[in-house]
Amino acid sequence: MTMEFFYLIVVMLTFLLLPSASASLGSHRKLNRAIGSEAIPGQYIIALDSNIPNSRGFATHILKRAFRNNIIATYDYAMKGFAVKDLPDMLLHFILNMDDVISVSEDAVVKAETVQTDPTWGLDIIDGQADNLYSYAFTGQGVDVYVLDTGIQANHPDLEGRVESCVSYSGEECGSDLNGHGTHVTGTVGSKTYGVAKKASLHDVKVLNQNGSGSYVGVIAGIDYVAQINNADPSRNIVMNLSLGGGFSPALNSAINSAADSGVVVVVAAGNSNEDACNSSPASAERALVVGSINNSNQRSVWSNWGSCVDIFAPGSGILSLSPNSGTSTKWGTSMASPHVAGVAALYLQARKSTDFITSDGLEDQLSSNLEGSPNLRISTAKLPLVALPTQSPSRAPTRQPTPAPTLQPTREPTGRPTPSPSNEPSEDAVPNLPTIDAIPLIEPDSSPPTKTPASFPTNAPVPPPTRAPTKAPSSAPSNTRAPTKAPTGASVTPPTSSPVLPQCQSSGQPTAGLAKEVGDHYFEAFSFDMLQKLSSPCDCKGVSKTVINLMLLLEERTMNATTHQTTNLGSSRKQKMDKQA
């Protein structure tokens, strides 16, 4: 029999020995069901222990050939883990009971903000003065802003060829935006006419399709891609904007927190449901800069989410920016507020080498509507210095005392339209909706570095991430590396003439201390169904699961010993761990 056949037998026997496994899945402590968002059936995100050296290797080791094609994404930078589709309940139960699996989360639909019409005014208000002028001394030059959205029309003339790379996790090609949401967001971040950071380097990470839809699997893949780039060169100044959202997702929040901890500035939309932002993701991620929306009367937009998870408010009602086909359009939503703050973050990274001042420099007590526990804080660039602070190192640590600067006159740019009076603002009764996210096959970038292009991209493949190993990944430490072991040359296997006698479970339901080890020591030499049947139902779930894992790993290890005289790295190290526990 083949290895894959033995593997399937072991998994099936585990499930049969635990007849209540399917019924108990819903209450398993490691399983996170989709809350507040539509679950994608059979699709899961598996978070692994951070000491696992390689997520893809671990995933393929678990799933073997029978389910290897079910892997749709692997993550090694923003988090350790992988995503699978069409996962049977019995295999899900098997994975949930593995020691190295931290959690399993249902994949779910996420949404991005939509559009409506209103005059422009956002740039006017963020410099602290409603005077029909946008005053700025910095342009975001030298800062990389990654936009996770529906794509970017890279050749839009107002972007001036500054879209430098593109990668897609949406199932669609790079270099275009058939929805318009991503191009509009990017225009607010850094276009020549409508952008906050007018010289920032822009990057397209396409995680939503032309219908504005995607999944948490694709969004986490995009975050992982950005984290990989940051880890390869920690001296870069990187901002990541996510104008999207859905139900609460621990996996998505974990990926965002890890990316932020590595040095990426993560800016996210609070959401458009007029509810507590702490109930949704990514707005509930602790390390993200969460942005609510205000209108031109300094009131919270009636549809903007609120609460303690919101960090700051920015213009989001009736924002004029870019649209595909080289045009413009006006939209509203927290999706429009978030890129204002992402652009300001780029200015702060250029000027102060830190974004720690964004909230402390915000204008307090400017908002006049019911904030429902949100901070009364509006984004502002008024306290930025007139010249950049000198750079002494690539560290992003904040510098609290600005260097005295010569008196300079900041650029004052007309916004192109007069600021509308509050009485002329269109009704906001229509709540901006988020595009739904479907389960879409993902396209993984290959190992070559991203390619810079002035304005357009090839349509046949995404731009892949750089190949340099991350310098900050915890698994890179020598102490955590799992060294491969070699089997002694000339190893041979002589099956005994009879099956070993196995100890039974104790009355408490726990397996005896030597059960896993004894079964493992004899498994390859005398495999039989009689032996597996001795793992009787009084054994608890954890004991059976560990024993079955031991059987599977020893079978693989000893088979390879007999043929190639070499064991697998993962199988050997996990057997040693099981032996010590036994």
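Cβ coordinates are placed from backbone N, Cα and C, and glycine is handled just like the others.
According to TrEMBL, the protein carries these features:
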ACT_SITE  ASP149  active site, charge relay system
ACT_SITE  HIS181  active site, charge relay system
ACT_SITE  SER335  active site, charge relay system
COMPBIAS  473-483  compositional bias 'Polar residues'
COMPBIAS  492-501  compositional bias 'Low complexity'
COMPBIAS  563-573  compositional bias 'Polar residues'
DOMAIN    140-354  domain 'Peptidase S8/S53'
REGION    390-513  region 'Disordered'
REGION    563-582  region 'Disordered'
SIGNAL    1-23  signal peptide
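SER335 (active site, charge relay system) carries a helical DSSP state (H, G or I). Every protein chain shown contributes to the tally, and the Cβ of ASP149 (active site, charge relay system) ends up with 30 other Cβ atoms within 10 Å. Averaged over the domain 'Peptidase S8/S53' (140-354), the predicted model reaches a pLDDT of 95. Across the structure, ASP149 (active site, charge relay system) and HIS181 (active site, charge relay system) place their CA atoms 7 angstrom apart. Under DSSP, ASP149 (active site, charge relay system) is assigned to a strand (E or B) in the three-state scheme. The separation of HIS181 (active site, charge relay system) from SER335 (active site, charge relay system), Cα to Cα, is 9 Å. Of all Cβ atoms in the protein chains displayed, 37 besides its own lie within 10 Å of the Cβ of SER335 (active site, charge relay system).
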